[in-house]
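Q: This is the structure, below, for whatever I ask next.
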Amino acid sequence: MNPINSIQDALYFAFQRKHWAELRKSVPLTLSQAELENLRGMNEKLSLDEVTDIYLPLSRLLNLFVGSKQQRGLVLDKFLEQKASPGPYIISIAGSVAVGKSTTARILQTLLQRWPEHPKVDLVTTDGFLYPLADLKRKGLLQRKGFPESYDMKMLVEFISAVKAGQKEILAPLYSHVTYDRCHDEHQAIRQPDILILEGLNVLQTGLDTPIDTRRPFVSDFVDFSIYVDADESLLKEWYKQRFLQFRKGAFSDPNSFFHHYSCLTDDEANTIAANIWDTINGPNLSLNIQPTRERANLILQKGPNHLMDRVLLRK
């Protein structure tokens, strides 16, 4: 027996797509085809059927969890005889490069903010918490971008802690995929949302992953519900190569792009470079740092070919 499957059987309820879709119950589809087009990621053939079968049941589940936390807050208010400030419900979304985390995050944000109980849903990506490009170069970490050490974890934890504490306004740094760098003069203002979705590669990490300093808080300490978007590495590598080819024709063609020199590559050259980037950076980061955190998630979305979800694992 595969030990990974054995662990998952012990920790999770497993649902094939058909059975998971039945858990939607009567939740209405409030997303139009036009809206879906704006939310869809590069190379993803996401359909309204996928939203109906996978994301509507998930939004129903999350709505129930958020409601449970809100009720708990009322209990605390009554016990303390004062208004407690529980802060927003925080959902983290982890997974490999090219797996479709951003699309999952955007769809959930759109669906969750249409529930009347929690209309204000903000989405923050951890890309903005990468060290600035100059710092990465100075530290010799440019080829380790995306690895845990390339993030300003102190800054990220301070941000998520302030959000959880209910601070009125917190500024999150933004990231430019054109300049491949943090935006130094642009920020995203977070003002006491009902729900915060935090999307990034390493948001499931704990002190177990950094034994040198196990006492400091981690992002996962502040998260109420965690999601891991999963797929076989062979699929992930192929999706990454496809995305690289799309970027070559699109974002890389911008003269201001950090990767503008890739825009003149032939298809064969682009495929070779993308495969090498995967084999030397993204693949090792997946196997060493990202995939080992998978079984910490409250829910695992497993993708098959064409980015279609075929299995959902819900922690018992």
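Backbone N, Cα and C define each Cβ position, glycine as well.
Feature annotation from Swiss-Prot assigns ATP binding site to GLY95, SER96, VAL97, ALA98, VAL99, GLY100, LYS101, SER102.
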Q: Determine the minimum-neighbour residue: among SER96, SER102, listed as binding-site residues, which Cβ has the fewest other Cβ atoms within 10 angstroms?
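A: Output over binding-site residues SER96, SER102: least Cβ neighbours within 10 Å is SER102.
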Q: Between VAL97, ALA98, VAL99, which of the binding-site residues has the fewest other CB atoms within 10 angstroms in the structure shown?
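A: Looking at the binding-site residues VAL97, ALA98, VAL99, the Cβ with the fewest others within 10 Å is that of VAL97.
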Q: With a 10 Å radius around each C-beta, find which of these binding-site residues (GLY95, GLY100) has the fewest other C-beta atoms nearby.
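A: If we count Cβ atoms within 10 Å for the binding-site residues GLY95, GLY100, the smallest count is at GLY100.
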Q: Centre the Cβ atoms of GLY95, SER96, VAL97, ALA98, VAL99, GLY100, LYS101, SER102, go out 8 Å, and tell me which other residues of that chain have a Cβ in range of the ATP site.
A: VAL229, LEU236
